[in-house]
Amino acid sequence: MLKAIGASFGIAIGRALVISEEVVEIKESKVVDSEREIARFNNAVEEAMMQLEKINKDVKEKLGSEKAEIFEAHLFMLKDPEFIGSIQKKIASDKFNAEYSLKTVGDETAAIFELMENKYMTERAADIRDVSKRVLNILMGIKIASIAEIQEECILIAKDLTPSDTAQIDKTKVLALVTEIGGKTAHTCIIARSLELPAVVGVGASISKIKDGDLIIVDGEEGLIIINPDEKTLNDYKAKKIEFTESKNQLLKYATMKSNTLDGKAVELAANIGSVEDLESVLKNGAEAIGLFRTEFLYMSKTALPTEEEQFETYKSVLEKMGGKPVIIRTLDIGGDKKLDYLPMKEEMNPFLGYRAIRLCLDRTDIFITQLRALLRASTHGTLKIMFPMISCLQELRMAKKILEQCKNELKSEGVVFDENLQVGIMIEIPSAALISDILAKEVDFFSIGTNDLIQYTTAVDRMNEKISYLYDFYHPGVLRLIKTVIDNGHKAGIMVGMCGEMAGDTKLIPLLLGFGLDELSMSASSILRARKTVTNSNYEDCVKLSVPVLSFGDSDEIKEFLKVSTKA
Ligand code: PEP
Ligand code: MG
């Protein structure tokens, strides 16, 4: 049995599919019969095209054409006579083996594309590397499981899954996720929760004990993985799985209830989404708003920067589907653990402290303006609120607002209508912003506290690092004091204060957060019903009473224990 971090609730029983990141050395060697080698290369290309056509069709059918775009781009590369011709030429003239010729031409072409001024071309470099790898694997007889190609039910075992890997997951095939690295608030876990897939992360090196094809049990609540269980354990977990489904069904009665405490205090229970597809679960679970639309996932599902029109269609669709309920759309928050294959960024020593989110947008105003224009245009289709991520100082906020004003003026002069009263808010996820929240509050319409980052920056604990995950603590008194400061400062200025970090969906903490005075809690859609059960069974006055002594504790274990006893959680 392996014990790690339970990152998404639920129990799964299935066969392990180990996604290996095999790195193979490509050796330079010469061939005698270059014609035969070219034929071998051509066959591999043909096989790769067949694979891609199949994946493209499957992904289009199951996940929609947006997610299939990448495979079309790869097919296009394999049909490019110049690219394929240069490899064939290398085999014919230099008599190098197909693998070496492909690797050399692939790397050279990708490098040239990376240096080009034309953005579209720069963005093709990742496609060339990817498609070359596919053909190389065929030439070398290596079978590497690719997430989009999964045909049978399985539990995915991987070192790490990037958010773009997880975006390709077909929920009818993938039963659960297990990763070697990562913490509770890594974006992989956030997606797992939105897909309602059990997940255990941060398993560490012992993940190698899980072999491809092993029967495993994943308990996403306890963070347990049981490898090749005996019959009794298997039966116990089969029963637990049924119990879990039953208790989930019982929660459904909360889907249509109001989120009022026993003594009548209303709090907004909102959902965090990453795509239009997530709305199905949002509506099923009765969210009252969207508290965070992480737009970077829209960018990650593309092979090039999404155009203004593409973005407009997406935002419009979310707003319309929410039927007038508030929708907070966050501007691009790329960087940290979220990368865009087509937007090469310099390697950084500390990506979470680096060029990300609003910092990137204020530098790449072309990207920012495209998004803001799309948002403004979509604003007439519902109740849109725009939110800027990673604001660390007043200057950044003012610059972002200035660019937004410029976009409004531009649209006005073009005669395009938008919601003139749309609210603008910021995420409070950096301690410096929390500490000047009294000043920031005067210049925005709302705050949303991003505890995922606020915790990592306040406690200096990398949210992705499983080695120190024991220090990543929702209950840290320093973090709780900052949260309380932000809420009070927001309220003094008369603005709404919400929370969209993962902490907002933790039922053990909800009474405390209510007591602190939060107006809105935004979480994975799958957490809403449990949260509503907690809210509707809480007494607001009691929550306030309970929140006062918490601020004088110095130790998070004491706080945990105090809350446990006081709320009988
Ligand atoms: C946060 O930091 O709490 C947050 C909601 O943003 P993200 O998890 O996308 O960084
Ligand atoms: Mg954040």
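Just so you know, glycine gets a Cβ as well, placed from its N, Cα and C.
Among the features that TrEMBL reports, domain 'Phosphotransferase system enzyme I N-terminal' is placed at 3-124.
Within its own chain, the coiled coil (31-69) has Cβ neighbours under 8 Å at 75, 78-79, 84, 87-88, 91-92, 95-98, 101-102, 131, 134-135, 138-139, 146, 148-149, 167-168, 170, 172, 277, 301-303, counting only residues six or more beyond its boundaries. The coiled coil feature in TrEMBL is assigned to 31-69.
What TrEMBL lists as domain 'PEP-utilising enzyme mobile' is 150-223.
Summarising the annotation, TrEMBL assigns active site, tele-phosphohistidine intermediate to His187. There are 23 other Cβ atoms within 10 Å of the Cβ belonging to His187 (active site, tele-phosphohistidine intermediate).
Look at TrEMBL and you will find 252-538 tagged as domain 'PEP-utilising enzyme C-terminal'.
Long-range neighbours of Asn452 (phosphoenolpyruvate binding site) (same chain, six or more residues apart, CB within less than 8 Å of its CB): Thr185, Glu429, Arg463, Gly501, Glu502, Met503. The phosphoenolpyruvate binding site annotation in TrEMBL covers Arg294, Arg330, Asn452, Asp453, Arg463.
The annotation Mg(2+) binding site is assigned in TrEMBL to Glu429, Asp453. Taken residue by residue with DSSP, Glu429 (Mg(2+) binding site) is part of neither helix nor strand, so it is coil.
The feature active site, proton donor is assigned by TrEMBL to Cys500. Of all Cβ atoms in the protein chains displayed, 28 besides its own lie within 10 Å of the Cβ of Cys500 (active site, proton donor).
Helix, strand and coil counts from DSSP across the domain 'Phosphotransferase system enzyme I N-terminal' (3-124) read 82 helix, 16 strand, 24 coil. When the alpha carbons of Cys500 (active site, proton donor) and Arg294 (phosphoenolpyruvate binding site) are compared, the span between them is 11 angstrom. Within 10 Å of the C-beta of Arg330 (phosphoenolpyruvate binding site) we count 26 further C-beta atoms, all protein chains included.
If you take every residue in the coiled coil (31-69) and average the pLDDT, you get 85.
For the recorded site, Arg330 (phosphoenolpyruvate binding site), the DSSP three-state label reads strand. Highlighted here are the recorded positions (Arg330, Glu429, Asp453, Arg463, Cys500) whose C-beta falls below 6 Å from ligand 1: Glu429, Asp453, Cys500, in sequence order.
Between the alpha carbons (Cα) of Asp453 (phosphoenolpyruvate binding site) and His187 (active site, tele-phosphohistidine intermediate) lies a span of roughly 12 Å.
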